Every structure is written in C-alpha cells, then in structure tokens.
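As recorded in TrEMBL:
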DOMAIN    48-413  domain 'SAM-dependent MTase RsmB/NOP-type'
BINDING   CYS166, ALA167, ALA168, PRO169, GLY170, SER171, LYS172, ASP197, ASP224, ASP251  S-adenosyl-L-methionine binding site
ACT_SITE  CYS304  active site, nucleophile
REGION    645-704  region 'Disordered'
COMPBIAS  645-697  compositional bias 'Basic and acidic residues'
Amino acid sequence: MGKRSRLRKKEHQNNSKPGYADIIKENKLFEAYYQELGLVPEGEFDQFMAAMREPLPATIRITGYKSHAKEILHCLKNKYFKEIQEVEIDGQKIEAPQPLSWYPDELAWHTNMSRKILRKSPLLEKFHQFLVSETESGNISRQEAVSMIPPLLMKIEPHHKILDMCAAPGSKTAQLIEMLHSDMDVPFPEGFVIANDVDNKRCYLLVHQAKRLNSPCIMVVNHDASCIPRLQIDTEDGQKGTLFYDRILCDVPCSGDGTMRKNIDVWKKWTTSNSLHLHGLQIRIAVRGVEQLAVGGRMVYSTCSLNPIEDEAVIATLLEKSEGALELADASVDLPGLKWMPGITKWKLMTKEGQWYKDWSEVPVNRHTQIRPTMFPPTDTEKLANMKLERCMRILPHHQNTGAHISDGMQHHPLRERERGVGRKSVCMYSDSVLCSRPPPNKKMKRHGFKEDPFVFLTEDDPVFPPIESFYDLSPDFPKINVLTRTHEGKKRHLYMVSKELRNVMLNNSERMKVINTGVKVWSRNSDGEEFGCAFRLAQEGIYTLFPYIRSRMITVSVEDIKILLTQENPYLSKLEEDAHQQAKKMGMGSIVLKYRPDKSNPDGPQCPIELCGWRGKTSIRAFVPRNERFHYLRMLGVEVFRDKQGQGPREEEKEVKEEVKEGETENGNKDVSPKQELRGENRGDEHLKGDEREGGGENLTST
C-alpha cells in the first residue's frame, strides 16, 4: 500500500470513529405506522423496538448434505463452543452457543455475540478464523436465522426442479443445493437448482457462493425475475415440453425494514413510500413465478419487510388472480419450536406525510398512480376468509432474537388450469445493501452485462475420453454426454460436469437463457501427465461427483497418512504408513485419489469417508487440495490451524514454508490465478493460486 493510500485509509478511520454510533436508531414515522397497524402483540411494542435497536447476533449453519457434517458439529461443540462460553468482553459474558430449536439435526446455531464482536475481539480470534475458513470451504454458512426459514418450508426432495427467482447473494440458494444432495451416495440427483438474479455483477457473488458446494446440479442465470423466460425441455416421449418447476423460491426485493438490526441506514431512510413503490414489482415477480409452477408444486414467497403492503397484500392478489388454482399452505407444524405470528387480514395505508387510507374508495385521484387497489385487503369478507391469510408466518425480532421476516407457502392446486397472465417488464431494484464481487475484467462488457465463454458439451466419441477412461478405468455407466468445456477451439483446459436434467435445459434453451455459470470442474489439463498416459488430472471440487465412476488410481490412506500429506510439502513415499506405501510403490506416476475410510476401532479418528485428489511423483506424493479444505480436514484430525490477525506472523501451531512445486502443478506455464480473481469467479474455479495460496499450500503444520 502506497503512502497516499495509507493516509487516505487513516483519514477515513479517524473520520469514521463515530460512524454508525452517531446514527440515532429512531424513526417516529416507523413507530407510529406499526403501532397503528397493531402487528406487534399488545404490551410488547417496547420490547419489539428495543430488539430492533440491538445488534443482530451471529448465527451459523452447518452444511447438511456433506457426509462429514457430524464431524464439524462434533468439532464445534467439543472444542470451539467450550473455549468461548466463559469469555467476557466489555463486561458482557459470552453465552454458550445454542442450537436453533426449529432447525433439523442441530445444524444451525446462534449466540449472543454480534458480528462486530466476533470480528474484532482477540479472545474470539480462533473461533472467527475457524468460521472464515470453513465458510470458504463450503462447510459452514454464516447466515441470518430468519433467512434459513424459506428453504426449509419448501420441503425439497432430490428429484425436484427448483427455481430461485431473486437469488443473490446466495445463502438460501446454498440451502436449496444442500437439500437436493441430501443423499451423498447419489452423485447426480434428478433435480436441479436454477438460481437467477437481475444484477449481472451480483450474479458473480452468487456463483462464488454456489461453487463452494461443488454441485453439478446448479445453474446461475441473469434475467429480470418479473419476465424470466419460460424454458423448453425434451420430455420422456421425445417431444418438446415446457419446464414447470416443482419448487420456487420467490424472495423478492423489499423495503427491508426487518433488517434494521444489521442495515443501520434503514433507520433514517425508512418511509412508507418504499413499500408503495415496490408493491407492483413484487406482484409481477410473484405472478411470473406462479406461471412457471407445476401443478401440485409449492412456491414460497418471502420478504425482509414487516409491511403488509409487501406481504399479505401481494399474497391476497395472487390468490384472487388464480381463481382457485392456488391455495395458501398450512406450514404451522413444519418447523416445531419456531415462534411466529399469523398473517393479518386487516390493514390500511399511510403516506409519508402521515395521511391514512382504509380502502381504495378513500384514495384521491391524484394519488392513483402511487396507490393501487391491490394494496388494500379484499372487501369481500367471504373471499377474504377463504384466502386464509392467517397462514402467513410473521417472524418478529424480539420473540427469538432475530431479524424480522415474512414467509408464505403457495401450493399450486391441481383442480384448475394455472393462470397464464403475462407480467409486465420491469427492472428489479434491490433495497438491501450487499457488497458484491466484481465480474472478471477479462470478459467483454456488453450493454446488459459481461459476455461469458460458451458451454460446449462433448460427444461420446470425443478423442479426449479414451486416455481418461483407460487411465482412471472409468466404469461403463460414466455419463460422458454430461461433460462440457468452455471453449470451441484449441486444447480443452478444464472439463466440467452437469446433471442429465441440466444438460437437457441447456441444450434446449441456449438462445433463451443468459447462463453465467454451471457445472462442477472434474478434470484439469496437466501437460506433465501426458507422458504418464493422461493429460488430465483430477480436480478436488469434482471428486465427489466423479469418485463413484473411478475404479483405479486409488490409494487407501490412514489418519496419519492424511496428516503427513496435508502438513508436509511433497513427502517421500516412505513417509506413508506401510500399507499406503506399498500401494503407492505399485502405482505409476500421475494423478491419484487418496481414499480414507473410517476405522471403527479408532473412535477419535474421523467417522466419515474422505476422498482427496493427489499426485504420485517419482519419489514423492502430494495432495492437491485447496487451502481452506486442507485446513478443514486438518482440524478434523486434531491439527490446529491458526494465524495471527492481519498477517502478524505465525504462531507455534502454524509455520509457513514457501513452496516451489516440482511435480504436476501448472499447465504449460499457464498464469496462476490470484485469490482476488478467484473471489470474482475468474476461470470458474481454477484452484492454481500463487505461492502459499496454491493447492496444497505448502505449509508445515503441527498438531496441538
């Protein structure tokens, strides 16, 4: 950092010391509006406002579909949670983290720590670094508790075709992918997730989030949700058909007044006009979702707003337009332990000047462009009762120390034809402030975004396959037609795989969809491998997809072997235990799979299977595993991975060693990709990072 940059940074820090502390967490219009509406139970409004003024506590969710979720949970409960529960910061005792009672299998936890305390306190440094590292590995998501609710209400099954209409930044999308992969023994679930966002730049943040889960069943697209195209697919009888989704998540842009605990600016910017401006857009997005919902399917509509104009009013409009084709599902028993308030059936509007209107007849003509009839409750009492709006779920912050959220489950009724209305075109404007990673600078900017490389599916007789099939002894049922690359010309650098159903979607809609990213990388070109019989080495991110089809190039390793491979750079073959050593000696040079299976006689070892990509050299062996995944596996093995804040040097538990990779590292001298490029989504997951950021990392770590 140059002198001028340091001065600017110091000046900014000095000027921002008051920062958000100067923002008075009061908005009289907000309080008057919600007191008048009576959304908060009688006698609880002061508690409600007090909770809104408190920082949002930290909540985390363990990735549930991975077979080692229990190992992460064991590590959290028996190590990190025990270490922090007696800590006291600024006179406040840190309470022991508690599982969210309504989240299945203790896979979501909350604490009384704010995000600020978690980031800044030296006493919580190890825990924070654990969260950061495991988040990057896709093993943990630091996600707000109320954000976890809508995906749970969707009741995802592995065969479901899912649309996430307004998906960025992607925490809910990640949940959907996890549920799709609930059975880790199935590498290609029948279902898939299409995650959409209107903002081209935010799509790359979405890609980064989804990529952590290494799924072949996710596609990121870039469309206006209110007019997202209807897609075509090949049906089982060989005909062309329309794609209707089994599940749709409609988490629409909203005024975000339920996010005041984390988005401080909402306090001074809140006005009733925000909801009035968004109401029409929310209806158009929701209607477009319903148009693409399969008969018998389920759509969950959710917002981070308390305002009925954005919630019950939208749901009532959908139900009225559908003329019986939709019904509001009863989700009251779906999440035992969750505290929620029922939806309301009566509400009124207020302008930013404080003028109230109880129904459309009271609205003056000069207000008709701002206030619409759909913003009011239905006047037909029988029709209103049949809508069952009380089935909407309102989450208030003071009931269980969360943000505020509204969720509604819409069930497509099979008795009537689905509504075919066409939503007007619009541009989705997001009211929440989320930092997004920039798209790759090497892509050409077009009027509406960045030009992506083509997706090219390989044919079964492509000449790239024979050496791969022979080298790895792929099973006959390996789906070669699901393999794609990102170039029409020249040598193929990386090979990716998608599920059969996503391939169907892509081949039939290349002109309809703007695809940003799809597929999981399974092989990368390595010129050194050609002399050993195969120019493509295995990629760690695709190993769970590929492993069921590989029948050779596997070495079974022990816990001690994994420690050696992940803490030493290019260890000699002789450093492996005898069994693994003998296996390696019999194997030729090139890419390999390092396979660990739980040892029931050793309960202290990981009780889940592990597959790591590696390279068998002339006299040595190494693991090709991204940095954060290495740290994850080392923690599971009892090796502490921890560095001082801001790179102030290693501690006793970790010693950095600069590494020069001699065997099987880069491809024909291709340039390495920096960590910043990786965050932006460049090269779609190329894991070759410079210096100690390379796969394998080159660190020598010691156990604590």
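Each residue, glycine too, has its Cβ placed from N, Cα and C.
Note: the CA-CA distance between CYS304 (active site, nucleophile) and CYS166 (S-adenosyl-L-methionine binding site) rounds to 13 Å. Restricting the average to the domain 'SAM-dependent MTase RsmB/NOP-type' (48-413) gives a pLDDT of 91. Taken over all pairs of the listed S-adenosyl-L-methionine-binding residues (CYS166, ALA167, ALA168, PRO169, GLY170, SER171, LYS172, ASP197, ASP224, ASP251), the Cα spread reaches a maximum of 20 Å, rounded to the nearest whole number. When the recorded positions CYS166, ALA168, CYS304 are scored by other C-beta atoms within 10 Å, CYS304 scores highest. Sparsest Cβ environment among the binding-site residues GLY170, LYS172, ASP224 (other Cβ atoms counted within 10 Å): ASP224.
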